[in-house]
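Structure, as structure tokens:
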């Protein structure tokens, strides 16, 4: 059974299904709906060289179709994913589960603020 992630935004629900998984990286893609606009999420968890910290990276890409009739990629259109969002978190390796949960809660709270929404949506620097 494939793993899935369900994203609920307003009235819409979008389901991403795991298509690839390794020890430190998973890729989830949207499999239903129009091809243009489908989402792909890449999640990775890697330890730094000194093994003192972990880096969590989430990257969201959105599908578009490239017209190949006028280029060298052949006759048929091809799907191209373009990064539309990413989020990086660094976690101290010897942290406790409680401190990591607190970091997660703080991150979730920060991203939900109107100031961060204004920064992301309207490109208004924080504090202005």
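We number each residue from 1, going along the chain as drawn.
Any Cβ shown, glycine's included, is placed from N, Cα and C.
Keep in mind that what you see is a predicted model, and the values were worked out from it rather than measured.
What Swiss-Prot annotates here:
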BINDING   40, 46, 53, 55, 59, 61, 84, 86, 90  RNA binding site
Exercise. What span in Å does the RNA site cover, taken as the longest CA to CA distance among 40, 46, 53, 55, 59, 61, 84, 86, 90?
Worked result: 26
Problem set entry | Among 53, 84, the most crowded of the binding-site residues [Cβ within 10 Å] | 53
For this session: Could you check what DSSP calls residue 84 (RNA binding site) once collapsed to helix, strand or coil?
Result: strand
Seminar exercise, completed: Between the binding-site residues 40, 59, the one whose Cβ has the fewest other Cβ atoms within 10 Å is 59
For this session: Going by DSSP, give the three-state secondary structure for residue 90 (RNA binding site).
Result: strand
For this session: Restricting to the same chain and to sequence separations of six or more, state which residues have a Cβ under 8 Å from that of residue 90 (RNA binding site).
Result: 53, 54, 55, 56
